[in-house]
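Enquirer: Before I ask anything, here is the structure I am working with.
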Amino acid sequence: MADPYQNQIYNQGGHDGYGYQGDYPPQEEDAASDVTEGHDEEDQMYEGEYQGIPHPDEVKAAAVSELQELSEQYEDIMEDCGHGRFQWTLFIVLGLALMADGVECFVVAFVLPSAEKDLCLSNAEKGMLGLVVFLSMMVGAFLWGGLADKVGRRRCLIVALAINCIFAFLSSFAQGYGFFLFFRLLSGVGIGGTVPIVYSYFSEFLQMDKRGEHLSWLCMFWMIGGIYASFTAWGIIPRYGWGFSMGTEFQFHSWRVFVLVAALPAIASLVGLTFMPESPRFLLENAKHDEAWMILKQVHDTNWRAKGQPEKVFTVTHIKAPKTAEDEFIEIQSATGTPIQRWAVRSLTLGKLVLKNVASLVSVELRFATLFMAVIWFCMAFSYYGLSVWFPDMIKHLQREEYESKVKVFHKVRVENFLFNFSLENQIHKEEEYIRDKFISIEMKSVKFVDSLFEDCHFEDIKSTDTVFENCTIRSTVFYNTDLWEEKFIDCRLENTTFEHNKHGCHLDTMEENDVLIYLVSFLGSLAVLPGNIISALFMQKIGRVKIIGGSMLISAGCTFLLFLSSSQSAIIALQCLFCGVSVAAWNGIEVVTVELYPASKRATAFGVLNALCKLAAVLGSSIFASFVGVTKAIPILLSFAALVGGGLVALRLPDTREKILL
């Protein structure tokens, strides 16, 4: 028996583009005339027929027929153009844009250990900085995805990448937290549009039998972005000497150099896009027949010339592309008034059309597809990003426990007339007395003084990290050029104590071994994606998108249960690599199916909405999972397991789109 949901997908209509009733102004259904009164409903004559006006149902049927005819003709043209140099060039250019998106997800995480000192960030400010990345990308995905269906894929992608490059550049020079946060916010809004546009754009240059495989190969660039970010952060950030300063007001440390280097993929993609044409399918949707024909001819000639057959002629002479009612409306509204009024009208009308397109995703024809895909995107993102935060946080927690287990405790020691010219690290001093001692040019790291006495002591040129004095008595003591501020003295009694030339602002800590491990873990997690990417790309067309998504999500769910057995850093790193390697196949399938389920007039919009939902799930997942680090492993494991199993089972209900012509 045929699946009614599948029939809805393959016989879908919508509300935009030709083939969708939303392209035409709503028509009132007139009552039947007196002549037809008393007849059966099937025998009633449409009153407008007397005036030669077609019935609305006939208009809709004709529009659907036109869309199907265009889709089939476009598929034939792409097969005639072949797959060659043009697609591979576009593959590299769009891959760099996708790589830039992958880099963006890692930039803030990598610079925070250094930036928190350089910008004097509190824990709340660090949390906001990490949160704003995903929230801004969520806004960008929704905004640029909707605009790409109305303004153009190439045009929107160029603007989005330009915004990302400009504000990423400015953020590297921002000296205050407020400006840095603002610039990273706008940078995220720009880069957020890459994923919805890139997949929609590239899919419209691929023939049906190449679509699944090559869209999966394109996904590899996100992995390459993670590797690039990890590798460059590892090579640049620890090199503090790479920066420079201009007095005390302007500091440019090595982490800022990394922020600039991280923008290079976006810059390279932006340059490449200036040589790429618009999607011809988008142009046909907007009745720009001549431009579309020229681009298709360019694709055809480029490919066959590279294959050594320059004599092969592009035989297409006409592609049916009716002018939509929306185009006419915009042109009429934009033809009068002052330039500002025309701009305002265009912007307002464009906004309404974008929102109308978004609303059409839950129309009768598309609501099941949208609901199923929303569940799958949310479940996958919730688990993937939640565990992506949980893995490194758990490693840090285990490192901290190991570090604290090696703490040295000193009790009731009296030290007089002694010069401390060596660093103190991971120590606790209880009920001790320091009389006429000097602490000169040393570093105090994770040092705690409790119930101790300091009398006639001298502290000079001190650099401290996680160092506090609790319930101590400090008499006749001088602190000169130190960073031991008031908040580091908890419930202490300060008698005749002076602070001279205290260090202002914050400072960068020296490189820690733990920081290197952060880069290494991210690098291995990104590299582990490679096998899953290759396998999913090779079998996407043979096995099918549905089985790959469902199977990968269920296997990933099984991997999460192995976390109950992990009790060491190496075990967690190994399981992270396994989880990333399996889950990437599901991501590839999800992105391919999202492209194929929606018509051209809604493709980028749907992708943008679903990707925005993905970023929301990422925020929720990372926040919830991080809160249980050091508390319990059970809840994050069970949450991720439930989400992956639920999403995997829903994915198995999707239709097989391998042989589906893009509408």
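Don't overthink the numbers, they just go from 1 along the chain as shown.
Here the Cβ of each residue, glycine as well, is placed from N, Cα and C on the backbone.
From TrEMBL, for reference:
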REGION    1-42  region 'Disordered'
COMPBIAS  1-11  compositional bias 'Polar residues'
TRANSMEM  88-115  transmembrane segment
DOMAIN    90-658  domain 'Major facilitator superfamily (MFS) profile'
TRANSMEM  127-144  transmembrane segment
TRANSMEM  156-174  transmembrane segment
TRANSMEM  180-202  transmembrane segment
TRANSMEM  214-237  transmembrane segment
TRANSMEM  257-276  transmembrane segment
TRANSMEM  366-387  transmembrane segment
TRANSMEM  517-539  transmembrane segment
TRANSMEM  546-565  transmembrane segment
TRANSMEM  571-593  transmembrane segment
TRANSMEM  605-628  transmembrane segment
TRANSMEM  634-654  transmembrane segment
Enquirer: Using a Cβ distance cut-off of under 8 Å, indicate which of 88-115, 156-174, 214-237, 366-387 has the most pairs with the transmembrane segment (517-539).
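Expert: Looking at each of 88-115, 156-174, 214-237, 366-387 in turn, the most contacts to the transmembrane segment (517-539) are made by 214-237.
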Enquirer: So, does the transmembrane segment (546-565) come close enough to the transmembrane segment (634-654) to give 3+ Cβ pairs below 8 Å, pairs being at least 6 apart in sequence?
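Expert: Contact between the transmembrane segment (546-565) and the transmembrane segment (634-654): present, because at least 3 Cβ pairs are under 8 Å.
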Enquirer: Do any residues, 6 or more residues outside the transmembrane segment (88-115), come within under 8 Å Cβ-to-Cβ of it, and if so which ones?
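Expert: Answer is 121, 126, 129-130, 133, 137, 157, 161, 164, 180, 184, 187-188, 191-192, 194-195, 198, 201-202, 205, 214, 217-226, 228-230, 233, 237, 253-255, 258-259, 262-263, 265-266, 268-269, 272-273, 275-276, 508-509, 515, 518-519, 522.
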Enquirer: Near the transmembrane segment (366-387), which residues from the same chain, at least 6 beyond its ends, have a CB less than 8 A from one of its CBs?
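Expert: Beyond its ends, the transmembrane segment (366-387) has Cβ neighbours at 5, 8-9, 12, 14, 360, 549, 553, 556, 560, 576, 579, 583, 586-587, 590, 593-594, 597-598, 602, 606, 609-611, 613-618, 620-622, 624-625, 636, 639-640, 643-644, 646-647, 650-651, 653-654.
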Enquirer: Between the stretches 180-202, 214-237, 257-276, which wins on the count of C-beta pairs under 8 angstroms to the transmembrane segment (127-144)?
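Expert: Comparing 180-202, 214-237, 257-276: 180-202 has the most Cβ pairs near the transmembrane segment (127-144).
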Enquirer: Honestly, do the transmembrane segment (180-202) and the transmembrane segment (546-565) touch, with at least three Cβ pairs under 8 Å and pairs 6 or more apart in sequence?
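Expert: When sequence-distant Cβ pairs are counted, the transmembrane segment (546-565) does not touch the transmembrane segment (180-202), since fewer than 3 lie under 8 Å.
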Enquirer: State the non-local partners of the transmembrane segment (214-237) in its own chain: residues 6+ outside its ends, Cβ under 8 Å from one of its Cβ atoms.
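Expert: Same-chain contacts beyond the flanks: 83, 87, 91, 94-96, 98-103, 105-107, 110-111, 114, 198-199, 202-203, 206, 254-255, 257-258, 261-262, 265, 515-516, 519-520, 522-523, 525-527, 529-530, 533, 536-537, 540, 584, 587-588, 591-592, 595.
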